[in-house]
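For reference, the structure is listed below as structure tokens.
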Amino acid sequence: MKIASFNINGIKARIGQLTAWLSEAQPDVVVLQEIKTVDEGFPAELIEDLGWKVWTHGQKSWNGVAVLSRLPVEEIRRGLPGDDADEQARYIEAVVMGDRHAVTVAGLYLPNGNPAPGPKYDYKLAWMDRLRQRGAELLATEQPVVMLGDYNVIPEPRDAARPENWVDDALFLPESRAAFRRIVNQGWTDAIRVTDPHATRGPFTFWDYQRQAWERDNGIRIDHLLLSPQAADLMRGAGIDRDQRAGVKPSDHVPVWVDLAA
DNA sequence: ATGGTCGCCGAGCGA
């Protein structure tokens with residue numbers, strides 16, 4: 001079961017890139033972030049015509065997440081538990097049926113948090129605490145779980161081409177990194193990192209549109225795939241589709257994926 | 001220190 005995450009940065013602007021990548025990469029399950037539309041504005045038919053089922057959790061203009069699956073899905077949950085007043089569409093969860101295992105796939109778009117300090121940063125840290133609580137519940141199932149998406153956290157200096165540029169940024173502040181570490185340390189495996197544990201630079205998943213960041217490979221790694229122990233035991237491989245950042249009108253993020261023997 | 005680029009939609013915000 002190949003499971004991927006892609007921050008698409010506006011589905012209406014990126015439907016062509018998405019469908020081309022789907023046929024090229026051949027994932028079985030995809031979570032999307034920043035669809036930037038209400039559910040009715042999502043071009044589901046174009047994707048359904050390619051053999052997918054589509055579930056969206058949309059919002060006007062900002063945020064918004066979705067699940068695409070070519071495998072049967074048993075349950076869908078929209079919204080991160082823990083705050084009924086939270087209006088932002090940043091979380092969607094699916095139980096996907098593989099041939100051998102059911103896999104819980106939690107797609108997330110963690111708040112950016114800038115400027116920090118401030119209310120947006122407080123919201124980010126509170127959201128991360130809610131994610132940690134949901135993560136504990138999912139780990140307690142002792143089943144294969146993949147919690148993946150745009151975490152908006154640079155975990156370590158080697159995850160940025162120029163870490164010195166990020167020291168005051170909500171993506172790299174010590175509190176953000178500590179909150180991410182606290183989640184990982186519950187027992188999750190960082191699928192991309194374990195494919196090359198001793199890398200000293202990168203790999204990256206995001207390059208800003210500004211200042212020729214892509215041309216200069218001035219990237220950061222903020223899209224992550226966290227695996228429960230039962231999912232990590234099934235891992236066959238993981239990767240980053242870096243070439244998706246080239247070409248005409250790309251997203252500023254690229255897809256990340258993990259393949260499970262599920 | 002500033003501005004640099006996108007996508008949302010049709011001005012300015014969020015990233």
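Just so you know, glycine gets a Cβ as well, placed from its N, Cα and C.
The model shown is predicted, which means the values in this text are computed figures rather than measured ones.
Quick look at what TrEMBL lists:
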- A:TYR109: active site (ACT_SITE)
- A:ASP150: active site, proton donor/acceptor (ACT_SITE)
- A:HIS253: active site, proton acceptor (ACT_SITE)
- A:ASN7, A:GLU34, A:ASP150, A:ASN152, A:ASP252, A:HIS253: Mg(2+) binding site (BINDING)
- A:4-253: domain 'Endonuclease/exonuclease/phosphatase' (DOMAIN)
- A:ASN152: site 'Transition state stabilizer' (SITE)
- A:ASP223: site 'Important for catalytic activity' (SITE)
- A:HIS253: site 'Interaction with DNA substrate' (SITE)
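One way to see the shell of the Mg(2+) site is to take the Cβ centroid of A:ASN7, A:GLU34, A:ASP150, A:ASN152, A:ASP252, A:HIS253; the remaining same-chain residues with a Cβ within 8 Å of it are A:ASN9, A:GLN33, A:TYR109, A:PHE206, A:ILE222, A:ASP223, A:SER251. A:TYR109 (active site) sits 8 Å from A:ASN7 (Mg(2+) binding site), taking the CA atoms of both as reference points. Using CA atoms as reference points, the recorded positions A:ASN7, A:GLU34, A:ASP150, A:ASN152, A:ASP223 were checked against A:HIS253 (active site, proton acceptor), and the closest is A:ASN7.
The Cβ of A:ASN7 (Mg(2+) binding site) lies under 8 Å from the Cβ of A:LEU32, A:GLN33, A:GLU34, A:TYR109, A:GLY149, A:ASP150, A:PHE206, A:ASP223, A:SER251, A:ASP252, A:HIS253, each of which sits 6+ residues away along the same chain. A:ASP252 (Mg(2+) binding site) falls within neither a helix nor a strand when secondary structure is assigned with DSSP, and so counts as coil.
Most Cβ neighbours within 10 Å among the recorded positions A:GLU34, A:ASP150: this distinction goes to A:ASP150. Along the domain 'Endonuclease/exonuclease/phosphatase' (A:4-253), the predicted structure has mean pLDDT 98. Summary for the recorded positions A:ASP223, A:ASP252: the Cβ-based neighbour count within 10 Å is maximal at A:ASP223.
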